[in-house]
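What follows is a short report on a single structure.
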Amino acid sequence: MIKTSSCIFSFLVLICFLVVVAFGGTFDQEFDVTWGYGRVKILENGQLLTLSLDRSSGSGFKSKQQYMFAKIDMKIKLVPGNSAGTATTYYLSSVGSAHDEIDFEFLGNVTGEPYTLHTNVYAQGKGDREQQFYLWFDPTKDFHTYSILWNPRNIIFLVDGTPIRQYKNLEATNGIPYPKNQPMWLYSSLWNAEEWATRGGLVRTDWSKAPFIASYRNFNAQTSKNPIANSWLTQSLDNVGLARMKWVQKNYMIYNYCTDTKRFPQGFPHECTLN
């Protein structure tokens, strides 16, 4: 599904001589609570973390480490039942007005209706690269693995190992900005987004169902303090991976900025014809 290229380019030659570092400790070792203190619980000897949202506040956490290219995996079980108006976020981000960011956001819905999985990529402070999907399973019944593969070649979003989106590094050949110079932290949060999250804000949060709870397990990060020699650092999608991604996009994609003619009447962003 994912192919690995040999170390051809000079920057990849350097990669081949450096040492792999992997992070996969307990939640209390790997993360700090950033807000909503008392609403973040670390349980089962650090193997389970839960975020909660009530009318007063949501909650969130942030990695203690910064990552400069990484393969990040996290198992998440989303808010069950009537989750309308809630947003569960899971993303990499640097800081500042010219920040880079790689987003998973899970937008809740009324009972029986599907979550919307929202993805976006920011490079040098510019985002507006949204793609949205329904999932092919109920993400509230069990834990599922959501992965970000970010290397010098491309960004790949994966769900249970299935690629749903690829954003290629076209900066050198086409001048399209790509996140490549700024280390990023991993963040996650659960917050009240009822103004826009569900049907554009038409469906509001039912606070009688609070507290809303999202759960996390099995965090793992493959990265290093320097660029490294490991398969994920040169991975891109092979023909099988591309076919699986196209299947997801054909059957489960509900929005693609690259086909939104109302938003881009003068023509689509340049990467839309190249990615």
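Don't overthink the numbers, they just go from 1 along the chain as shown.
Note: Cβ is positioned from N, Cα and C throughout, glycine not excepted.
All TrEMBL annotations are machine predictions without curation.
Taken from TrEMBL, the feature signal peptide covers 1-24.
What TrEMBL records for 21-216 is domain 'GH16'. Note on the domain 'GH16' (21-216): its mean pLDDT in the predicted model is 94.
Under the heading active site, nucleophile, TrEMBL lists Glu101. For Glu101 (active site, nucleophile), other Cβ atoms within 10 Å of its Cβ number 19.
The annotation active site, proton donor is assigned in TrEMBL to Glu105. A simple way to gauge crowding: the CB of Glu105 (active site, proton donor) has 19 other CB atoms within 10 angstroms, across all the protein chains here.
The Cβ of Asn109 (N-linked glycosylation site) has Ser83, Ala84, Tyr115, Thr116, Thr198, Val203 as same-chain neighbours under 8 Å, each 6 or more residues away in sequence. Taken from TrEMBL, the feature N-linked glycosylation site covers Asn109.
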